[in-house]
Amino acid sequence: MSSSLMRRVGSLAASAIIFPGIAHAASNYKLKESWEGEKILNHFHFFDNADPTNGFVTYVNQSYAESAGLVKTTDSGSLYLGVDYENVLTVDGPGRESVRIESNEYYDQGLYVVDIQHMPGSICGTWPAFWTVGPDWPTDGEIDIIEGVNKHDANKIVLHTSDTCDVGGGYKMTGDMTSSECGEASGTIGCVVQGKQGSSGDPFNEQGGGVYAMEWQEKYLKIWYFPRSSIPESLTAGTPDVSSFGTPMAHLQGSCNFKERFTHQKLILDTTFCGDWAGGVFGDSGCPVSDPSDPMLSCKNYVAENPAVYKNAYWELNSIKIYQLGGTAEVEGTQSAAAESTAAEATAAETTAAATQTANGGSIEEITTSTHSVTRTKTVSATHSTETAAVTETAAATTAAASVASEVDATNTQPVSKTKSTSYVTSTTTLCPVESSQAAATESVSRTKTTSYVTITTTLCPVESLQTANAVPSAKASTDAAAATTPAAEPHPSNAETPADSKSSADAVTAQATKTTIAVNTPNPATDSASSVPPDSIVYTAPEVTSSSSVPLFTIVSSSSQFVTVPTAAPSSFEPTDAVRDGADSYSTAASPTTPSNPVFTGVGSKVSISASVAIAAFVMLLLVN
């Protein structure tokens, strides 16, 4: 967890302690979906394929259902979903027409509330159900919230899962558990809880219908049934409080992880006839049996020959609502709470000014870039009477190079201001120190005079002082040609976050201002291919740097992406020397641009060794002074 996130969490916790009102019901269910009457169909589609449960039914599409009167809006505004109750059928022909609707979306854990004015009555041959199922059965699970067959008058709640899942934990419920194994190991039975009489069929309708509520969480699943006269006030008000719901009809919790066994459920409502369940137990339900040896055939005969009995085999829905956890309810009374969070994407306004100066035939470009950025601003405020507690956190944006300006302590844990201005001075030629272990180390260089290709990368080094830096010192040459070293301060580690989609201002500066100075001679493939280390007698030149800005100088290190601070000091003065030597043993300082594939200097070393003649070193320092 990031430090900024921990501070935000801590701030919220502190506010909750100081002002208890803002901690009010942080786990309350908040409304996610609300569909009423005919608008329910805006979120469902009609299933018109063969019945997966082998029912004696013909599911029709929406246009046909509407023209046939199987789907309509009632005078009260509720949604009617019925079946054909006019046509006599033949057993060998298509089954009775009906509708099956399925939600367009899949849903996960939450509180599901369906207000039902009427459900299919207790009629032989019927199998109505309101249920959910995942895209991969039984892996994603199935929850039968309302289900009954034939002359049902008590709802049966059934769960189906993969593998084994025992829910016989003895949890308190008003229903009776008749099977505790939900897994496919038990076949297609599933775990079953049978509700009290009056929870479905004709008795349900005689009470004016009611509300079913299902709470689906990681560790358990609870289902309540509320008759029309006993619906909890919190449900009516749209702010459900499950703690006031009382004992559920079913409390299913057991050996399996419900979070894994039930995922991505779509809602389904249908009415089929006969099928595997209703047809299989047709003779056990007190229904007329025409063929004692074949209860399924007896069911089909009854359904085909008695259309009028199915006039009451319809659903009438008032609403379907889905609530989910995660919101904070509004607090009423003398205490009030407000929480606002703003997350601004990294914004940067850059201005660049360039000036060119000429001295001793050389030129230098001074480019100053000012970057202002504000990111990840989080504000949490709470009001209690006339007192106010506010916590504001601002994280300054950083570049992709993980740069830290010298004026800001990267380890500072105090909130910073909303804006931060960082100035960069580029095109500063200097010799950055390198690690002795780096590939470009100069302590053990070859003295082969025939090696003539070397790349000197102009980089930008940070200066700790905020005052004007008129020059950047180079490595001091030793008179005995021994290695000279220039210590470098270690950079402060950066704890600031870099926005994923924000462009690095450091990259932009480097692209515009980085130059290279090359010492060239006839390349020797034999020596060049053997080592990328330059000889120790190369003349390193640097153009004059004149800065009137009170901003730090930086070195942008391409390979290590870190900033290295170079101490400020006045360079020594030397008399100018001849910059060009000719002949087989000579080097030329004629510069030409190049783009090295492997940068020579990384900017993270502790020292660098350069062996050169006194005259050459004097020439270098003279150029720096000028």
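Just so it is clear, glycine is given a Cβ too, placed from its N, Cα and C backbone atoms.
What Swiss-Prot lists as active site, nucleophile is Glu142. For the recorded site, Glu142 (active site, nucleophile), the DSSP three-state label reads strand.
Here Swiss-Prot flags Glu147 as active site, proton donor, drawing on similarity to another entry. Neighbour density for Glu147 (active site, proton donor): within 10 A of its CB lie 18 other CB atoms from the protein chains shown. Reduced to three states, the DSSP call for Glu147 (active site, proton donor) is strand.
Taken from Swiss-Prot, the feature compositional bias 'Low complexity' covers 477-494.
Under the heading compositional bias 'Polar residues', Swiss-Prot lists 495-533.
Marked as domain 'GH16' by Swiss-Prot: 33-286.
Around Asn61 (N-linked glycosylation site), the C-beta neighbours below 8 angstroms that are at least 6 residues distant in the chain are Phe46, Asp48. The secondary structure of Asn61 (N-linked glycosylation site), as reduced to three states from DSSP, is coil rather than helix or strand. Per Swiss-Prot, the feature N-linked glycosylation site maps to Asn61; the stated evidence is sequence analysis.
Residues or ranges marked as GPI-anchor amidated glycine by Swiss-Prot on the basis of sequence analysis: Gly603.
The region 'Disordered' feature in Swiss-Prot is assigned to 477-533.
According to Swiss-Prot, the feature signal peptide maps to 1-25.
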